């Protein structure tokens, strides 16, 4: 999934984070290490295994996580060997370089650092203390557990989770090394085990001696084997086989891990949203499964969403419940294709038309305001060309989110800047709600809010990296603006800035 400031993935899974009430502060020992720019690198370098939470003091989910994280740190401090939990305020100016370095896209983000920081993995576990402890005990142990007995097998392989088991005639050699490398790489996502006796496993051919990889799963065909131990091929097999043919998004928490994997995939994503209890639901599901089956292995992943539980997706795509049943396809470059009020006999042909390039992209946009008389002009997707890109004017454009605290603080400052340019018709100060409007990602790289760009009258587009004061904005605009009609300046390039994650 392409990295964006607040992605559909973020919107869908925020509600899955465990909630808790912050306990009153006491003077008891704190087990979570506090890091900053002065000790972050040294601390990471000296630990073989350390977990770091990137947080912001104003973040509600960070506040909910804090007491659970502290409880887990206390429990894990007595583990053998101890597991160290740490935190860093990544919103602090002097610490932001670490958020950028480790691609932190939102708060809280938890990373697992191994071997002095040489290997870094996402934390994909629970957000409550007991779950954190269980997950990290496993993560700090071997990447793959050896199955030596039937009891070992029953403990590792269950009917409720995906487990990847390598079967080898001997626990050495290139195939075994390749398997262990993938286990280490994907250990935060999946459970891995290995054995030299296939008879101990609950499903599949018991006479095989290997080398073979058998992936057990609680859906579709229950297990699948592969004998390709090429690194890339093995990783692809594991990732693709560990996701259902159709990922279901509903209230069932057992489906949530697969929803996360679905949106993390780089595949083109087809999503059908229906009322699960509505008339014709079973016919729609049946036809959708037929289409998914016929497109298996062609770079197209399928999700079936219950409209009642998909408000986050509807908000992200700008959809209405009146459009259900609907199917929307999102490509890797974030283009979207929409078919509303779809009927059973239209699903297959519409997907084929999409693959054949016959469907026009869908663009999410708020309505163009009937009146736009405030000093800071409102821009939506449908007016972006007229007000900004093709306006022939110098435009300072803020990309914001309604929930963003820094954006709210910036609003009156931009109002003052706009008022100061009211007598200069060549300058426009504008804003665009980036959560409700599509915009060209190749022109505007928005990974946090607020992000501010300046488009000169001659067409140069640069990101604003200065301080957020009236005087600094005015100085920047005056320095970079063109006199309307003057020759186009040579394009400048600037490094990407991420103000708020």
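Cβ from N, Cα, C; glycine included.
The disulfide bond feature in Swiss-Prot is assigned to 59-62, 404-407; the stated evidence is sequence analysis. The domain 'Thioredoxin 1' feature in Swiss-Prot is assigned to 24-141; the stated evidence is sequence analysis. Annotation source Swiss-Prot lists domain 'Thioredoxin 2' at 354-482, citing sequence analysis. Swiss-Prot lists 498-501 with the feature motif 'Prevents secretion from ER', giving sequence analysis as the kind of evidence. Per Swiss-Prot, signal peptide is recorded for 1-23. Annotation comment: Swiss-Prot describes 60, 61, 405, 406 as site 'Contributes to redox potential value'. Annotation source Swiss-Prot lists site 'Lowers pKa of C-terminal Cys of first active site' at 127. Annotation source Swiss-Prot lists site 'Lowers pKa of C-terminal Cys of second active site' at 468, citing similarity to another entry.
Features recorded in Swiss-Prot, as mapped to the structure shown.
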| residue | record | CB count, 10 Å |
| --- | --- | --- |
| 59 | disulfide bond | 18 |
| 60 | site 'Contributes to redox potential value' | 13 |
| 61 | site 'Contributes to redox potential value' | 17 |
| 62 | disulfide bond | 20 |
| 127 | site 'Lowers pKa of C-terminal Cys of first active site' | 20 |
| 404 | disulfide bond | 20 |
| 405 | site 'Contributes to redox potential value' | 13 |
| 406 | site 'Contributes to redox potential value' | 16 |
| 407 | disulfide bond | 22 |
| 468 | site 'Lowers pKa of C-terminal Cys of second active site' | 15 |
Per-residue pLDDT averaged over the domain 'Thioredoxin 2' (354-482), given as an integer: 95
Secondary-structure category, per DSSP, in which residue 405 (site 'Contributes to redox potential value') falls: helix
DSSP residue counts for the domain 'Thioredoxin 2' (354-482), split into helix, strand and coil: 38 helix, 26 strand, 65 coil
Alpha-carbon distance [residue 127 (site 'Lowers pKa of C-terminal Cys of first active site'); residue 59 (disulfide bond)] in Å: 15
Where residue 59 (disulfide bond) falls in three-state DSSP terms: coil
Cα-to-Cα gap, residue 405 (site 'Contributes to redox potential value') vs residue 468 (site 'Lowers pKa of C-terminal Cys of second active site'), nearest whole Å: 14
Nearest of the recorded positions (60, 61, 62, 127, 468) to residue 406 (site 'Contributes to redox potential value'), judged by Cα-Cα distance: 468
Residue 468 (site 'Lowers pKa of C-terminal Cys of second active site') and residue 407 (disulfide bond), Cα-Cα, nearest whole angstrom: 11
